[in-house]
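> Here it is, the structure, as structure tokens.
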Amino acid sequence: MVVAMDKRSNVNGDPGAGDRNKKGEGFDPSAQPPFKIGDIRAAIPKHCWVKSPLRSMSYVVRDICAVAALAVAAVYFNSWFLWPLYWAAQGTLFWAIFVLGHDCGHGSFSDIPLLNSVVGHILHSFILVPYHGWRISHRTHHQNHGHVENDESWVPLPERVYKNLPHSTRMLRYTVPLPMLAYPLYLCYRSPGKEGSHFNPYSSLFAPSERKLIATSTTCWSIMFVTLIALSFIFGPLSVLKVYGVPYIIFVMWLDAVTYLHHHGHDEKLPWYRGKEWSYLRGGLTTIDRDYGIFNNIHHDIGTHVIHHLFPQIPHYHLVDATKAAKHVLGRYYREPQTSGAIPIHLVESLVASIKKDHYVSDTGDIVFYETDPDLYVYASDKSKIN
């Protein structure tokens, strides 16, 4: 394991960090930012904070109509030539629906809690997501972004946890495309090193006061699941698989890929924090904006992620304006996303490269960077030959 340390604090896993800081060359993304979160807030125009229930609902209507139209067209034509096109398009729209439910969970959908809860339950239950269960764990993610132990989404494994995982589990976690199918398992079991279920009201994820909320969401999820089973008996399992099942898998891959890329895969190594070095601002500044080409509008500008992480109450339709206004404050702490073509093929390369090299972080140090296990992809038979 390569460990480098500088005079400021323990900085583990970033080869050359110490030399870079001593020489004063380059930019150190783990350095304390020269601005406060209030400076960023002050730079964002007032209109960016305004939530319009009518406008938010218009996106819901748009997406639901598109989902229904695609399903009707696919069933009507019932062509194996068209089914793959349907799956890709419908899976993408399922992902767009998730993003709108995500906005309900943040309260950026509207200032009306009941509207947020009702719409959020309808949208998320339709795509088999327990609304409150996910909403609460996602709130934990935002409140602790960039913290090795306390973050919730795509958290880096400490070396001791990583080394204790069976080799088969490591391969499942770090072999593309398997990690892009992890979301249903995460809902049931969370990540390695963490315990709890998004469906269980008594899970350690939730406070006792939240148990009724979790029970409500799990009930809604169960109704959708039972509905799909009933439809399988009525129309046949193959029909349900074609119309709903495959798009659901595409949606899961969208969700896992996008959420991973928001926190991994940048050309520059980005820090993770512990202890006194972590702050809400520093953790939020490790997030990454992405350009998804033609999908930016379809999935409601979820790639405009830095400002969203710092201020999740801003509606998605104001994130681009808010980001443009805040860039001069963020300076080099904001990383311009690589411009995408119509299809963001370049992000596949970033995703694969990161999964192959970003395996764990040091057990010690308040500022750590991802490290690589050089033996991960060496199979047991090959290891025996080497030994």
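Every residue, even glycine, has its Cβ placed from backbone N, Cα and C.
Caution: TrEMBL annotation is automatic and unverified by curators.
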> Would you mind telling me which of 213-235, 236-258 TrEMBL tags as transmembrane segment?
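That would be 213-235, per the transmembrane segment entry in TrEMBL.
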> Using DSSP, what is the helix/strand/coil residue split across the domain 'Fatty acid desaturase N-terminal' (17-71)?
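Split into helix, strand and coil, the domain 'Fatty acid desaturase N-terminal' (17-71) gives 37 helix, 0 strand, 18 coil.
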